[in-house]
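Since the structure comes first, as structure tokens, the remarks are kept for the end.
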Amino acid sequence: MLTYEPDESLAHRLDPRAKLAVQIGFAATALAHTTPRALIAFSVLTAVAMATARLSLRRTLVSYRLALVVLALAPLLAGVTVGPPWFDRLAAVASGLASYRVLLILLVSAAYVRSTPVRHSRAAIQRTIPGKPGQLLGVGVALVFRFLPVLRGDLRTIREAMAARLGTERSVVDRASTVGMLGVTRAFDRADRLSLALRARCFAWNPTLPALAFSRVDYPVLGLAVVLAVSAFY
Amino acid sequence: MATDQHSVELVDDDVVKPFARAAVLAALMAATVFVGSIPIPFSPISISLGVIVVYLAGLYLGPYWGAFSLLLYLTAGAVGLPVFAERAAGLGVLVGDSAGYLWSYPIAALLIGAVVHWRSETGDPADLSRPALVVTLLTALTVIYLLGAAWLGYVLELSTVKALELGVVPFIPGDLIKIAAVVAIVEAGRITT
């Protein structure tokens, strides 16, 4: 599973804002170009990004397996025609090149995921998005990270309890609505306790954030992000 | 290091409650990818519960907090929580092949929440008649399909028909079952707004 892993790589030492900027710039330019020459350049950049985060290609591809199936199916589907010549090679190649750039975008973002802990991402969100929306988004993301394992446990408990009562023999609609209703009821119970706890602890619009500061290595990375973003227009 | 020097400004009570609900519902949406899906008889596809949470976010949190909840889900996934289909994560997923579906979720919740607020004084989805509820959910599903297939077709350079074949047709039976399940949830009336 693709997730943050503590390490000492160059990507781990970079400021999260610089890394986010590079991803946005890369995605912008990759979406604008699908020529083979551009794709070779993008492949090199992707390899560099993965190397700086010490990302394993095999494990990353496994974690994007669902996307890989779609990306592999798309060129085949694009090439199939109803009637002669039965397979349109040009359409298949165009779609194949387009699919490949999507894979590169996914790999570059995987480098960020492996090298950035959530508290850095949260600080980057709250410092980049101004005012109350930024605060709510930052705190909210931290809460989603915190509550995911809890609600995962809730859902599993619900499913097991249903199975123990022969719930698996009931209709699909019945099962889906039971899990959905119980899941949301439990989630809202937890949320109401959480809001009480937040108020008791003086939940404020201006909490103290972890320190973030650009270091010398961040400036070239930020420059690269700008170059990539601008290259989308050429 | 930038430190905020102003005095503490507390978040209002009428913001804390919906905010906490939106955050926990986003976590529930995230949790659905970890807890296996329900198989459909005689079909290779099984249904995940994710989209059910999208509908419920719109119905029970209203247009703004419902959409905010799903934006939180997308943001958490973008910064590295493995919450997208098959436990994928990363900003790349939000511009990748399935990006159209993901970005349509907050829009669908906004749409559903707006209809609930328009048709009900108290914002309780149980006040909606069954036909109104079904039409609202089907419209939201259409928005999800259209944006999803449009982006799939654009980013993978597929024709409209082929994008629909790859990105819409296989999912129709499962999505209709989910809408039936959501109607049953609303009519049971056990979730309080």
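Placed from the backbone N, Cα and C atoms, the Cβ positions cover glycine too.
Not measured: the values here are computed from a predicted model.
Quick look at what TrEMBL annotates:
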type	residues	note
TRANSMEM	B:20-40	transmembrane segment
TRANSMEM	B:47-65	transmembrane segment
TRANSMEM	B:102-120	transmembrane segment
TRANSMEM	B:132-156	transmembrane segment
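Using a Cβ-Cβ cut-off under 8 Å and counting only residues 6 or more beyond its ends in the same chain, the transmembrane segment (B:20-40) has close neighbours at 46-50, 52-54, 56-57, 61, 65-66, 68-70, 72-73, 76-77, 81-87, 173-174, 177. Nonlocal intrachain contacts for the transmembrane segment (B:132-156), taken as residues 6+ away from its ends with a CB within less than 8 angstroms of a stretch CB, comprise 51, 54-55, 58, 95-101, 103-105, 107-109, 111-112, 115-116, 119, 125, 162-164, 166-168, 171, 175, 179, 182-183, 186. A Cβ distance under 8 Å defines the sequence-distant neighbours of the transmembrane segment (B:102-120), meaning residues of its chain 6+ beyond its ends; these are 51, 54-55, 57-59, 61-71, 73-74, 77, 84, 93-94, 127-128, 132, 136-137, 139-141, 143-144, 146-148, 151.
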